[in-house]
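Pulled from TrEMBL:
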BINDING   LEU7, ALA8, GLY9, LYS20, ASP71, ASP100  GTP binding site
BINDING   ASP100  Mg(2+) binding site
DOMAIN    4-160  domain 'MobA-like NTP transferase'
Amino acid sequence: MRSGIILAGGRSTRFGGGEKSLKEVGGMPMICRVKGSLDNVVDEIIVSVRDEKQRDLVFPYLREITPFVYDELHDIGPLAGVNACLKAAKGEYVVVVACDMPFISPEVVDYLFKAAEGHDAAVPVRENGFIEPLHAVYRREAMIQAVDEAIRRGRRRIAAPLDYLKDVVYVPVEKLREIDPDLKTFVNVNRAEDMPAE
């Protein structure tokens, strides 16, 4: 079984307020685009939200049996959402993505799931060494332990748990260009001025 985790609990401070996950790209809220990209490559999707207020804003857009998970830990950033969702997920492997990645390629996600089989994770890496931990596949049990260890040590960076995984496959993004030539799958919208036309 494969699980998908969509992190939507951020406060959108760089975006200028409002619910960033509901900003439209190509006439559709970003979170709906992300969910649609994952629908055919995972067996369940879990959405991480800050609290009930945020859930109530997002729920009307994701009515179909999408479980929402609240951050149990506060003030530690996206690791709180990853932590809560990993514990709620049922799949042996999970893909973790952000709600502000409107062009996720299902084919790239499928490739990462296959690359992760038999390992603790499959994480895209750029030529300059920059990794994409929020567009990666993890073995759920190993990642739960790694996230717990990172939190215990006070390490809040989203990539910190990778230091506690024993067997990570780093997938060169150039290999993924064979599937997604422009690597649009990694486009991330952090500020209003980053909003793509499509």
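Backbone N, Cα and C define each Cβ position, glycine as well.
Worth saying up front: this structure is predicted, and the values here are computed from it rather than measured.
Reduced to three states, the DSSP call for ASP100 (GTP binding site) is coil.
Classification of ALA8 (GTP binding site) by DSSP places it in coil, neither helical nor stranded.
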